[in-house]
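J.: Okay, so Swiss-Prot annotates it like this:
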type	residues	note
BINDING	157, 158, 159, 160, 161, 162, 163, 164	ATP binding site
COMPBIAS	36-46	compositional bias 'Basic and acidic residues'
DOMAIN	144-310	domain 'Helicase ATP-binding'
DOMAIN	378-545	domain 'Helicase C-terminal'
REGION	35-82	region 'Disordered'
MOTIF	256-259	motif 'DEAH box'
């Protein structure tokens, strides 16, 4: 035995690779320097092949083997090197066990602890309880004796033998009868299993749930200090043990379903095994399973006894509840006739196999009849109790399909229940209820019912032998759920669900020979196929040595390359520190950072945990907690199959103008919270109705609220608190907060960065035939004479928005939606929704006539001239007219006769966008005459109900005189409407009963109000950040510049009836002031390129006004050909309307809608740069249409999570956020949040041209550390040393709020934290909000992309080491090293 061990010696003793010095052994004389201990000499003789160097070092030293030279940049050797690392660390562990074997605890039965008085004596269970007659009950005393006599016992028994429910009760009753203390924990792999078993026991024993028996699953804990038997999930127990670094809280640990080789299960076994051999040797551990590989587990928990490893005791529970017969497809020849071969590499359920399952369910009535002894059976003679059927399917999609097949069988009297992870507790309970008499219960389940849920009345199991497993793509490390064949172990577990109360039947829907030859025996352990991030963080918290040293002792150790990769990913996220000296970077270990400690305690992914911490840093913790909670659980937004478009529109509404799925979650959650706080959702029905109206699942949003509170509680131990909500006086605060939150999302989800390809403007303009891309979509495969069906086409798009016009042009049609003239320039939501319809593959069908039929029945075939005629249907004017074919995009309103105009501004829409009218004499006279003519007539009320887009007459009072003017209705609200006066450009609220019908003659004159947009200007970064596209300050300044006096405008171009102009203001005798120049000078705006259409219009206008306007042909003059087309068109439309053509007898399927400005996404990381990228259809950004195609600056998208398809060729992005369109934003954010960066310089070394971001370069191996995630960017704005310094200052500001140590952030007061948060916020805003915008440059790509170490070391400006020893900093962000530029 050991004598006089200090605390440090104890810590070193249980840490692999540490040296323990000055140790004396009792009973042995001190060894001379040249003499090895006797036990070790004896051991070396017995194990001659063991490494002699290792023998000489034990027991006083356990040295880790030298780190292999290969790192991430170089390929690892074959499997032999993987086994070498495992064997070396296992040898070290065995050497430690030699010491353990010298001091074994006494074995044998006996109670180890005195009675611990319960706080409530009445809680002591009755010992007269009669246990159910299950196989485990026959060997009750023997099992209890084994458990008390052995440290570890393995119980192997058939499903239904009573292991999970009865055995823990036996131990509890055994201790109670002896008035001895016990505290028993039983793990279950799934929440539903832990909660349902605890509920069943409490009901069976008539105990209060949460008294003697309780459960803890995730956030929910139903237990008290009196609880002596608690069921919990594997993860909950693991978290408890890792935090305590001991098992001593419990007397007995039952680990159920150990055959389910999840990552948590394997790590729990590792930790329990480790602690059993160190500081928790009196705890009893029981492993249980129906399909366990007993020898593997027994050897794993072996202990040294007299220099031999003694396996753990295995106890076989004899007997099964009832016999279970197995059948395969070969045995079902009477209902299965397909001869399709089954292939291991193609797991799939074919339609005929679904039909086999349905046929089986129908046949069970005959089987029940035969077993009951009845000779006849009729439809009316159903027995009152029909046995239940459990069907195992791989996922929710398959469950829904099978559910639909079964619900169509109404006459068969079936009650069908789905059972999967997203089912609520109430829905889960339905599975356990008895069916209505005469009905058969059918349970459609994923593998959740394989082991976690036992439905006692199941007699039939139908198993498709499939499952979905989470795997990691080998190249990208992104996860994907893959359909695969279930293992024989899992299928046997499923079979065991039958036969609980009577003889059972199991039908495996695969051929018998396929089962024998292809189905794998065991499932591949998760530790060998899934990310190890959370496991390695827990290893670091345990502080028992290098992760590879501890994981080498796992039941199925992960490969060294997987450990190495996970360590690098944890360094990338910031959970482990990046070494300041890159050559010292240990690819197998790292220092745990403050962030890493937080992540290890949070029940969310590493990136979501980082989101919470960065939210704390930048003062948006509340929003980040909501997002982290929402993204960790099932999405509470619902998009029903038939109402997907409505659900999508609702989600877009919640996101506002942010274009962020994450911000939509925040706004929806807060809207729900606000309604509850106002008392609007007191009744459950009111809350459910609110959820249905807003496409939100109430049960799921409640779960988010619970997790939000849990996260809030957990981070409080790290001195992070959600601050009180004070009223904010700064009007720009909400916009700044939104931007900061978007930046925090980018920081948390680095490197999930994406950009968009640029559309070809010239091709897009041609494809749209000059139509406005912000209001128009294109349809293809239009049938001949498509204009006849314009009403059908209008109705197809009714759910998108108000259709203004449809232009039919051969086999194409252009659908244009109405734009509110008082809203800013942007792609209409209707256009996004229309393109979304195409993405959802919504069928667009028209009921049509054959072209030959039309030509044969109307005008003797003369209408054939209209077959290729371009026709415009104007719903506003209610006209259908032929159009002249034109390829000219020039839009020249007849109201503009000169390029210089004097105007009055009547309505400012936003900065640079306004309405006005000309104030020259000619126009003033025209408006005066028009007003007089309108007001001379006897006006009549509207014949139809007012609706948006309707043109009518509305009153307006000017100089105390009320007159009627032409107006367009914008909105209708109650008894009033907002109208827009189309000849002046202003708007007003008018009572509905004051609106009048407009006579037809007043619709012919073009509207005289003009819409203007200042050319070559866009909002600055400051305006984008501090407002809704433009800041409040910019709005105020622009309104002051254009209001109160006439303006001179110089027309640059006319695009889609909008005049792009330069605006000049005269003030007194001074020269004219260019409004754009003022806004740029004051930092509200910056110069921008005009679009291709605008530049084309400029050239045409320049030539047009160079000639005499009088010599130009008048496009309004009618030609005889056009009149003839009009006549034929009218005849054809009348024939169609009067049904002379008869009922349509054909269907035409249209293709589209399309918009040529729709953007495609691509990744910025090296590994994914050329992979196809898809955004999930539920995301707001599943449709992105360019608002400013002339702006060539990169637009950035951030994804919260990524997955890949089964081949790894396509990436799927989830929960995306479109970042503000700020020049240089992708580069600045990448440099701000990258662990390491290397700047690129031009050939002369005078300016920075780009940056390479990632984990950097290892000079020792001469290879990049994590090349797959490297991001190469070329700057599109000029960045200099000052920008790099600003980024470093901001990184240092972040570090101050997330640091360890005695002066760390855990010990800061609230005032100091608030001060540091405000400092970080201001530094962040200052990085982007500059008075003078960064200069735009043409991107120059580096000649050696993704190559590190390209800078001359003499030009690198080394940063001062942070506080602490060099290279040992645990800061979240290291400071970047700028490159010295030549003068």
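Quick reminder: no glycine exception, Cβ is built from N, Cα and C everywhere.
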J.: Do any residues at least six apart in sequence from residue 157 (ATP binding site), in the same chain, have a Cβ closer than 8 Å to its Cβ, and if so which, in order?
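T.: For residue 157 (ATP binding site), the qualifying residues are 135, 136, 163, 288, 290, 316, 317.
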J.: For residue 164 (ATP binding site), what is the tally of other C-beta atoms lying within 10 angstroms of its C-beta?
T.: 26
J.: Sequence gap of 6 or more, Cβ distance under 8 Å: name the residues on the same chain that satisfy this around residue 162 (ATP binding site), in order along the sequence.
T.: 132, 134, 135, 136, 137, 317
J.: Is it possible to get the count of other C-beta atoms within 10 angstroms of the C-beta of residue 158 (ATP binding site)?
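T.: The answer is 22.
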J.: Could you tell me the mean pLDDT the prediction assigns to the domain 'Helicase C-terminal' (378-545)?
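T.: Within the domain 'Helicase C-terminal' (378-545), the model's average pLDDT equals 81.
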J.: On the three-state reduction of DSSP, what should I expect for residue 164 (ATP binding site)?
T.: helix
